[in-house]
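Positions annotated as domain 'Ig-like' by TrEMBL: 121-212, 259-339, 873-966, 1245-1323. As annotated by TrEMBL, domain 'Fibronectin type-III' applies to 353-448, 478-573, 579-671, 678-776, 783-881.
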């Protein structure tokens, strides 16, 4: 049938006979529509299928659970169901008959039971609260009276205890109205409120007892841990006959993830001893709440490894995670924080997604959605939020509000009854809309009474229903308890109680509003029927006052209106939170800072606090947490070591954000300073009649600050009886030794030592052995002491020590240093063969990553004395960020040494030393320190400054470095200093002269490097000339060309022209000398009247070329013309003028130059004719080793690989067939220094290889050899091995080249007859980079 019918079914249940005949009837009215049939199998399971599955345990009312348990056995025994249809009239008649019969039975019972024994439960003895130790057993007792006999139920924090499901934990007993609950092997989780409930047909009564479980483990000396690893208490497990001990190792550290990623946390758990078929309980918690398996959370326990996997991280996953391992003997736990960073936004400036979306107060067509504001608002403040909903099973999201809401709480209306929904939220600001939040858990739109029904009559197995007469109906009563639960400027939420009288059919509600001051009521929900006793009104005028009332109606009619509310002004009822108190930041670790602040005052519904930080000097604020925290203290992790950070805090509630707190003072991210560890190894160094010298080892843990000193205590020991401790030194000693004076001879003493730093005094060391005060008569010296290391690197370190306090019979004359690896089975080895008189030694040849131990022995004439206390182990490793001392010469020529430290701590200082003795004489060096950089400036560098300069930084982990200043190095520095003090301006081109048209002359040069402040003085014969009629000057500062023009040259212009440049401190000069006759007019152009009365124009020009060559041959012609005619004169400058007379003057003297193959003798000839004849006279014959020839203007003779036999006199004959000339060169013993071979042009070598090059040198007398790199002289040291053997072979060796060895090298040879340099280039490559390029 397609026609909708309305049926009314009545469910009758008849109670079983329980010592009396009591009839309970419950009438349940349900309106049914087509193809919807609800089958009531059990009354207390009504509407179970419509409620969504909840993962968390629901708290149930005590009365409801007790009533459910009371009738659970009886209802489960019913199997047959009988259905009988009756008319309403017949049903009413039968009901009346039954009521009459029940009255008669009641009167009969009263007659039989005159005392009326039936009464509700009553506690005669109530359970008492108890406080016990962990591992003990608790037993709660109570005595209850009541008739009929009450049923007893036990609850823990309002959750019913099922002792059958946990028989090893709980045991419940009931005997003769005495009831008890036994809790076995109590642990911390058993601390709770325990409730016992007694129920019968007359009523219910309950009583509460509090049980507190205390830890039995007390650690008198707790040690700080990096994470919150709690100490576990272990008790004997009688069930297995052992005591389980639990250890959590390989634990996870503070973790950082980003939204959308997957993060796993894991720990290795060791439970000892191992018992078959027994596994501990492994639980995970977030912020103290147990985590259950879900699509976002996966846990795994392999028996050894506990793992928690967080799928698709969201900000809701941020918090403190705890792993707890429960055993029969106790528990162990470990905690660390997990931070979740926001996913990168798609559009810059938009806010990040809100978080923690939840649903509350769900009803048939209404639900309240809440969320938490994000930590980052974006480039502008958040304007509001959009709420989206999606029906479960669908993928379409519908927006619930058209206008953004400012509050983090929104009532969603218009839901369809019986359907499930999920919700998400998006934030919006001026830059755009954020990504959506994680979707909420599903919620079903259903009447709250159907979610958790109250107690009902037991099910009898029979359902009776009747058909309702269509004409019969009941008009509902008016709603009651109308209140305004929420009021903002966007909406108002009303809530009321349904009417007591509403008939058997459902009702709908009509909401009316009235503006204050008027009597006009208007319908508020004209287009939307309201089925829930909740309603949200939108579109109200902000600032206006309204009153509200509600009516309800059904098919029978409409009720009267409820009582109206008072006048409600539309506006925010919840204020923004006040700003928190000032933030205070405290150092914690190298990557974290503890921030505390004052709580916001008078804040309502506080959600939590957000902490932001910025690096000092920056305007970029970064959130330290992305999930609000409730406390007023938070540890900000993930900071960069050494950064100076400033912090601020803001509070948040549903109304929005507070103003930020006052910013904290800048704090450097460094490990906090703590009290130092305990000194160790107190031993005797020297003894006499009335004093003893003690020594000890410094603490292994300094507490993050330098040890400022030590205090020594002593006590006497007489006959094995120890006295009281007394202080020896009121003022702390700074070294690790002390002379205890005024002691008594032959008396035994014990000593202990305490260390002090800026945080406080440490615990005392272990007492020394009982030491007798008597004079030593040993011939050999005592043991050196106070061993320590500096400048620890991958392959070397510097070991320092103090000499023994007891020299023996003769003074100490040397020391021996022993070394061995810090592994079992290694033997001691001497670092050197001969004793050193120094109190320090640089130990080389270490292997990176290995640990070593050291000891020192002193010797005198009697022999080698006792060994010192062993120092170490010391790890040979260059720490990241290690700096070396750098030599610097500034622009003023000041020479200084610079040392930087990036790990400066509070109170750190730079300590400079020379030869490892602290510098006290400031006449040689001036120390200037700024922040993490210290500069040692040489006041007057000289040979007195040669030595080892070192610098150590206090309050750090051995930050130090040194530099050895040698004589050669000092000389090189002084040369560089002179260059910087008196810099020279470089020229691209020296001054030159050009002859322009009409006799005009140009002097010019070009500067290579200069500034805009460069100034030029134009000088002629030491006199500055100015710009005027004779001289015109120009300085083009774009190209660097300097020019000076003259209209003509005269005899008076013979001399020196100079350009003097001044550019700040730099100076430069270039000159050109004009001596003799250059191209110029001897007689300037003029006129003369001849006897014939003609005008003669006449000028005399002289042209002289000192290098007249073949290219100058030709016919020279002078032309003269005017308007009346022209004339010319020619001069033939060909063979007639350039032959033999020029030949003798055009060839130069013989010169010698060296090549990579040998030497070349050559003469340059300006003019060369085709029939020119050239011949060489020498005592060596022409061969492959000796060759001659003519190249251009050069006449040459090559001698490859010259030897001693090649010395002698060489002659060249130059003849053109008419005349000739001879040039001579004597190589008999006056040869200038030359590099004659062996060096390549380019060397390409792989990093890590060794480079060895040898150059062949020639010269008589034997030349001086110098190796240069990038125009700086190299000195033979550990890096460069430089040799010059037999006066001929100069070699350079570089072991294990690095990329820093790349550059331009030169072998410079010099004797009194000349200097020459052989240049080559070294290129070092890394194989991995070459492969990448390929």
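Positions of Cβ are set from backbone N, Cα and C atoms, glycine also.
Mean predicted confidence for the domain 'Ig-like' (259-339): the pLDDT average there is 89. The stretch in 121-212, 353-448, 579-671, 678-776, 783-881 that contributes the largest number of Cβ pairs under 8 Å to the domain 'Fibronectin type-III' (478-573) is 353-448. Counting Cβ pairs under 8 Å to the domain 'Ig-like' (259-339), the top-ranked stretch among 121-212, 579-671, 678-776 is 579-671. For the domain 'Ig-like' (121-212), the number of residues in each DSSP class (helix H, G, I; strand E, B; coil) is 3 helix, 58 strand, 31 coil. Counted as Cβ pairs under 8 Å, contacts with the domain 'Ig-like' (873-966) are highest for 678-776 among 121-212, 353-448, 678-776, 1245-1323.
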